[in-house]
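Peer 1: Once you've had a glance at the structure underneath, I'll fire off some questions.
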Amino acid sequence: MTKEEVDRKWWEIGDFFRRNSLWMLMYCTGCCAIELPPAMTSAYDMERLGMGPMATPRQADVLLVTGYLSLKTLRRLIYTYEQMSEPKYVVGFGSCTINGGIYHDSHAVINQLDQYIPVDTYVAGCMPNTEAVMNGFIDLMELIKTKKADGWKRYHENYEWYKKNQLDSLGSIEVKDEFHE
Amino acid sequence: MSIGLSIIAGLGVALFGFVLQTSVAGLNRKVVARLQKRYGPKWYQEFIDIFKLLSKRATSHGWIFDFGVIMALGGIIATAMFMPITNNLLAFEGFDNFFIFVYLIAVGMLGMAMSASGSGNPLASIGVMRALTTMLAYEVPFMVIVLTIINLTGESSVSAIAQAQQLGGDFNWFIIALPIGGVVAVLSLMGMLGKKPFETYIAPAEIASGPMVEYGGKQLGMLFIMHEITVFIEVSLFVHLFLGGAENIIIFLVKYVAVYTFVNLISYVNGRFKIDQVVVFFYKWPLLLAVIQAVMAIYLGLVI
Ligand code: SF4
């Protein structure tokens, strides 16, 4: 076996572990977040898939963006995303993250999440029901298996483009830290 | 046994402890899930979690951060090497003194504290501070009870204490012989394992899992391994000191699983104490009970 083949084998073994143990950081911004409690408790029992909530971005594998994002929150979201350790995945919830949803003409809300950070899979609906959320996670696992969940790689490759979009909308992506000024 | 063989046997004990505790923790996730009317993950989920963490890239926050993790894991493995599993199955014959565990386990804990503080995150420092405070709280009543046992048996070697209980004769299992002390020991064990209501230093929703806040990827994986081995040491100590140790490995496994599951089940119906409540609690009831038990056992000779 050549070195590339060995590397690929290792990566596949790693993918098996990564898709069976997805720890979520729930960035609960909008109303879609209400679908998460039934997904986690006895009705749908997300832990069966090896998923569980995590308290900090360093430990999490999946970033759940649940709903609309105001410009202020987006800044924090980008910070949070960049702190996560790779490989990392993003799931966008509801029409708000896809095209702005019912807030599409608001001056304070962004319309397409994909312009700012790479999204691996979307869960459609306003709000998506819990089955759709669970299906979204199964899709994510399938994408990891077929090596298509490569958002974190795309973020490296197209960093200039993402950075430009972030700056265009936000002016600056520095987080103003009121506590330490 | 030659020293080389002993070291290999010791590493074997540490590995055995890791595999055992990780499986038991996985099983316990299923037990708790059933308690909450859920189905629960696979029993080997904990292994998947650990291997996943080891397969991820991780950020470093300077060499103290990285070195502390290695020191913590090394310290805990070194402690586990001295742990007797059954009466005859111990790596370093004659070196299973209780105080060796007390001192060596601190190396692992301090490594973790050093590394967490090295990350520079204020939540990590708060978590470490709370962990050390909790340690100060549960150690005192636990020590009083263990010193009582050492006084009664005249032995401080863990396997000798276990054998003293098995021989019948003078002593019953100490959880029965010293019933009040047994209660104190269970409470202290819950504090040691960081089970609710004493999990103040992890407090995921409050201080973002405390000392662990800056860890991700490989370092977190190593800390998970360290945590599993720590739990193995603490639960096995309880089994040997209070439940009469084990004549063979089956008995050890049964006692081990029973103790861990029992503590875990109590934990899942509790809330969480604030840190000052933890200290006040441990210095009030368990300490009082421990002292009463010590006086009763040593001066009045009331041992069942
Ligand atoms: S998609 Fe609908 S339910 Fe979800 S956050 Fe937007 S408005 Fe709320």
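Keep in mind that glycine also has a Cβ here, set from the backbone N, Cα and C atoms.
Please treat TrEMBL annotations as automatic predictions, because they have not gone through curation.
Pasting the feature list from TrEMBL:
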- B:6-28: transmembrane segment (TRANSMEM)
- B:63-86: transmembrane segment (TRANSMEM)
- B:98-116: transmembrane segment (TRANSMEM)
- B:128-151: transmembrane segment (TRANSMEM)
- B:171-193: transmembrane segment (TRANSMEM)
- B:220-243: transmembrane segment (TRANSMEM)
- B:249-269: transmembrane segment (TRANSMEM)
- B:281-302: transmembrane segment (TRANSMEM)
Peer 1: Which of B:6-28, B:128-151, B:249-269, B:281-302 shares the most C-beta pairs under 8 angstroms with the transmembrane segment (B:98-116)?
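Peer 2: Result: B:128-151.
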Peer 1: Is the transmembrane segment (B:281-302) packed against any residues at least 6 beyond its ends, judged by a Cβ distance under 8 Å, and which are they?
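Peer 2: Beyond its ends, the transmembrane segment (B:281-302) has Cβ neighbours at 137-138, 140-142, 144-145, 147-148, 151-152, 178, 180-181, 183-184, 187-188, 191, 273.
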Peer 1: Could you pull out which residues elsewhere in the chain have a CB under 8 Å from any CB of the transmembrane segment (B:63-86), counting only those six or more residues past its ends?
Peer 2: 7, 10-11, 13-14, 16-17, 92, 95-96, 100-101, 104-105, 107-119, 158-159, 162, 214-215, 219, 222-223, 225-226, 229-230, 232-233, 236-237, 240, 245-249, 251-252
